[in-house]
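Taken from Swiss-Prot as is:
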type: REGION; residues: 1-221; note: region 'Pyrophosphorylase'
type: BINDING; residues: 6-9, K20, Q74, 79-80, 103-105, G140, N219, R308, K326, Y341, N352; note: UDP-N-acetyl-alpha-D-glucosamine binding site
type: BINDING; residues: D105, N219; note: Mg(2+) binding site
type: REGION; residues: 222-242; note: region 'Linker'
type: REGION; residues: 243-428; note: region 'N-acetyltransferase'
type: ACT_SITE; residues: H338; note: active site, proton acceptor
type: BINDING; residues: A355, N361, Y362, A398, R415; note: acetyl-CoA binding site
Amino acid sequence: MDIVILAAGCGSRMCSTTPKILHKLGNAPIIKHVLQLADELRPKRAVIVTNAAVNGPVAALAGEHNLRLNTVLQGEIAGTGGAATSALQALKNPSEEIVLILYGDTPLLDKATVCHALDRLSSGAKIVLVAFKSENNQYGRIVLGSSGNVLEVSHGRDTNGLAVSGAIAGYRQVISGLLGGLSCRDGELYLTDIVQSAAEKNVEVGYVIADERKAMGINTRADLAIAESYFQCMKRASFLQSGVTLTSPDQVFFSIDTQIAQDVIVHPYVVFGAGVAVEPGAEILSYSHLEFCHIKKGAIVGPFARVRGNSTIDRGCVVGNFVEIKESSLGEMSKVKHLSYLGNSTIGKNTNVGAGTVICNYDGRNKQHSDIGNNCFVGANSTIVSPIKVGDNAAIAAGSVITEDLPPRSLGIARSRQTTKPEYKTRR
């Protein structure tokens with residue numbers, strides 16, 4: 001099977017300078033979801049039709065997958081029919097009979113639905129549409145004959161009949177031949193017009209029925225919001241089924257690549273940004289925001305914690321309230337419980353970082369790195385001016401501003417000595 005992805009539309013109804021397929025769904029561009037589906041289907045070849053505005057970003061996203069993806073620009077003929085023609089021409093020396101055409105703005109279509117359509121091909125149909133029930137009048141509708149055969153796809157504003165998603169599976173030679181016979185409407189070729197042409201030539205057209213939420217296209221911000229809501233519902237259901245505890249599922253938000261193992265507990269109002277993996281037994285408390293980080297077994301994060309920038313929280317660690325960790329690693333059983341910022345640092349095992357500790361990692365031009373060893377104690381309200389190395393079993397006195405390395409088992413004190421004036425209040 002070969003796959004064609006049509007992603008050259010301008011998306012003017014999004015009212016945005018950002019191309020439609022690059023808007024985010026599940027914290028990833030819409031088109032990434034379609035590329036992920038294509039990757040799961042393991043086609044022999046794949047072609048994506050884009051425009052100049054998205055060609056570079058799409059090529060970069062395609063590189064994240066194992067697809068043999070050929071990117072071509074929309075040809076002179078506008079419309080989905082023109083795009084499909086350009087794509088099929090790019091698939092030179094065809095070796096596959098079947099071609100699957102996907103739309104770049106239909107991100108939630110799943111493998112099961114596509115496989116159902118492909119199975120329908122094997123039962124006699126030459127072209128198979130993906131249809132769904134919808135009250136939304138923006139979609140084309142399947143028109144059936146008296147015997148139940150597909151006659152055409154109507155583009156009126158009514159909501160009678162099944163809507164079509166645009167995705168089509170079929171035999172390459174059949175689709176190519178039908179595309180070649182289409183006429184332009186309003187200066188464009190419409191891919192769905194091949195349905196009427198097929199019916200006129202007694203070519204059997206079938207359809208499979210999908211869930212509207214999976215088959216919907218995204219054309220407006222409202223559509224994007226609906227798709228995001230359903231994406232989150234699917235993610236929540238998947239994690240609950242796999243053994244993750246979500247104490248209030250509707251208040252937890254995931255990304256396309258979120259990985260959470262069984263026996264993790266997630267409390268309300270947690271946001272998982274891109275690139276997060278959480279190992280078994282960890283607990284994420286409310287109002288925490290995680291992105292590009294690895295939370296290992298038994299760690300506790302939050303509430304009100306932010307972990308980001310390729311950070312690692314090791315086994316049994318505690319990251320408490322109002323703590324931010326960026327581009328840092330926290331060793332096994334270490335704790336940073338309150339009101340702290342750790343940036344560009346490596347913290348060893350069994351180290352305690354006191355409340356209000358700040359690692360000053362930016363010198364005005366570059367980020368600097370600090371290392372704190374195993375079994376260290378960092379007193380409250382300490383400031384560590386990177387780059388600093390603190391040896392194993394060392395301690396930093398509360399309120400210190402550390403600007404020099406500390407050898408193992410040493411105590412660093414960097415603050416003014418206290419002055420006490422007896423009876424000061426009485427004299428005044």
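Every residue gets a Cβ built from N, Cα and C, even glycine.
If you count neighbouring Cβ atoms within 10 Å for each of the binding-site residues L6, A355, the highest count belongs to L6. Between the C-alpha atoms of G79 (UDP-N-acetyl-alpha-D-glucosamine binding site) and Y362 (acetyl-CoA binding site), the distance comes to 51 Å.
Classification of Y362 (acetyl-CoA binding site) by DSSP places it within a strand.
The binding-site residues Y341, Y362 differ in how many other CB atoms lie within 10 Å of their CB, and the one with the most is Y341.
When the Cα atoms are compared, A355 (acetyl-CoA binding site) and H338 (active site, proton acceptor) turn out to be 5 Å apart.
Note on the region 'Linker' (222-242): mean pLDDT across this stretch is 98. The candidate set comprises the binding-site residues G79, G104, D105. Of these, G104 has the most other Cβ atoms within 10 Å. If you count neighbouring Cβ atoms within 10 Å for each of the binding-site residues G9, A398, R415, the highest count belongs to G9. Counting residues per DSSP class in helix, strand and coil order gives 20 helix, 0 strand, 1 coil for the region 'Linker' (222-242).
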